[in-house]
Amino acid sequence: MIRIKTSIRNRRPAGPLWFRWGICAAIAPALALGGWTSPAASAVVTVPSPSAASPSPDSGSAAVSAPEPIRHPPLAGKQPSTHARADALIDVASGRLLAGHNGDKEMKIASLTKIMTAIVAIENGRLNDTVTVSKNAAGKEGSSLYLRLGEKIKLENLLYGLMLRSGNDAATAIAEHVGGSLEGFVYLMNRKSEELGLTHTHFANPHGLDQPEHYSSANDLAALTAYALHNDTFKTIVRTKFRKAPNPNDPWDYEWKNKNRMLTMYDGADGVKTGYTKQALRCLVSSATRGGQQLVAVTLNDGDDWQDHRKLLDYGFERFPLQLVVKKGEPVAGNPYVAAADFRYPFEAGERADLRVRVMPLASTDIAYAFGSRGTLSFRLGDNVIGRVGLVEAPGAVSPVAPGGSGGPASRTPVPEHRP
């Protein structure tokens, strides 16, 4: 049970109600009033939540979303060194940046571009669409699926060819189909970058061949990949080691083996993309999952990337294990509210003692109240808000009512002030 000492009225709190987070019972966290230290210089990455949407009558529960970007605590202590000009390591669930150097340096990224190509196509296209290969796509230089002019192939199969074999012809065909033209698709890519807050990224094509205004950074690629891995279709494609697809031109099927060697050389590896051009040199984004925790590593211009990724991922799993902070359905003491979702976070040893939480009750006049939301719990380390969880009424709970009110789970009358 979450125990609080606060006031809840029919309005938003005038100021922050932050409480130090600790453990006061075998299974229940407790809250006690506390302050916090001055913030340190922050090294953070924002990962927008794919589920960050307003609640609706069809949602079934209150939204578990943040009204503004969630920022994360600064990096701490010694980090692993790599051979890369820039690198980054991020926890997918929380968006916390765990390690990195030169993370905001704008660099050539080669076929890592196709991570954005894939997620934009998945979100804007239809997997069952039939794509007709144009002359421009069939003749695209670089790595290729060897598609032929006029060939018809499902968008889903093109996405597998894109991410497993890094086909530049597939990237071009996808872009022309989903965006209406290369220019239209590149517009969608850059619009997505803006939506995700990728401030050191700009795309000029869907395949990653070197162009002057085509670049990204290790931190941006980490945030982008963490976002994309919340999409089940993307997640399934990038962890696939081998794929067959119908070939309309020959009596045999296409057979695509994933170029990402991490899938076979690292325990728990499940994605995502290799890259190389003469200007970018070796680039790699990898992901791995252990014990329910998924991490993403990024290296740009790294001659020993396979070993460096093993080092980065090992560091993350060992030093920042994902921990359960709040369990879905856990009650807030003194109120008919429970957490609407689990909240987990990768804490370094000793950090959790500094966790603070703010209870933010929702006014009964707010439109979200009619859809089941009763407020949020905001979690904070230092000067950084690290996550938010929605509050809903406990099953079977009856809201306290003002005189004359009808009560019941959907009551929109004020909740009386609680004084422990």
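Placed from the backbone N, Cα and C atoms, the Cβ positions cover glycine too.
Bear in mind that TrEMBL entries carry predicted annotations, made automatically and left uncurated.
Sequence annotations record features per position, and here TrEMBL assigns active site, acyl-ester intermediate to Ser111. Residues annotated as active site, proton acceptor in TrEMBL: Lys114. Residues or ranges marked as active site by TrEMBL: Ser166. Here TrEMBL flags Lys273 as substrate binding site. Annotation comment: TrEMBL describes 47-67 as compositional bias 'Low complexity'. The domain 'Peptidase S11 D-alanyl-D-alanine carboxypeptidase A N-terminal' annotation in TrEMBL covers 78-302. Under the heading region 'Disordered', TrEMBL lists 47-81, 397-420.
Sequence features annotated in TrEMBL and their locations in the structure.
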residue	record	Cβ within 10 Å
Ser111	active site, acyl-ester intermediate	27
Lys114	active site, proton acceptor	27
Ser166	active site	28
Lys273	substrate binding site	30
Report task. Round to a whole number and give the Cα-to-Cα distance in Å for the pair Ser111 (active site, acyl-ester intermediate) and Lys273 (substrate binding site). Result -> 8
**Report entry** Segment confidence, the domain 'Peptidase S11 D-alanyl-D-alanine carboxypeptidase A N-terminal' (78-302), expressed as mean pLDDT
**Finding:** 97
